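According to TrEMBL:
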type     : residues : note
SITE     : 13       : site 'Important for substrate specificity'
ACT_SITE : 72       : active site, proton acceptor
SITE     : 73       : site 'Important for substrate specificity'
SITE     : 155      : site 'Important for substrate specificity'
């Protein structure tokens, strides 16, 4: 592949997942985009809007041999949109709300070069058992999930003991639907 892939995300999980595809890439998080959206934005469109914003807020123009990949993940429980928790109390509140209920995880991805752009999203449904306050407190104190939408990582302790089922891609829940990313990157590199 003679095109250079740039991951415009500081997420260690996205980096790990992209590494799993065996494609060379570099991480460049320089960005001027402010993660804001209108309160009347349809919930399913929020990660799409934020992923595109991150792509277009990239700190420099792309060269003709570069491909930029940005992403955003959102947790939707009922009508509550859950991004990253602000602090310990917010993380505990989020996990209590997720406890015993199914919720959606939506990850949107934008891939672009100097002449083409594609944005897509993938949705998975996660089922949590009823979590005890001690389980929630232990997880928040041990794993400090302040960089994760919905205040949890499926690949961490809370996922091991609390998730009873998923519908959709495990990797979408982790933050990057690699099956779709791979297909799109192959299209971009073939151009």
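Cβ atoms here come from the backbone N, Cα and C positions, even for glycine.
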In all the protein chains shown, the tally of other Cβ atoms within 10 Å of the Cβ of residue 72 (active site, proton acceptor) is 25
Least surrounded, by Cβ count within 10 Å, of the recorded sites 13, 155 is 155
For residue 155 (site 'Important for substrate specificity'), the spatially nearest of the recorded positions 13, 72, 73, using Cα atoms, is 13
Cα of residue 72 (active site, proton acceptor) to Cα of residue 13 (site 'Important for substrate specificity'), in Å and rounded, measures 12
If you measure between the CA atoms of residue 73 (site 'Important for substrate specificity') and residue 13 (site 'Important for substrate specificity') and round to the nearest Å, you get 12
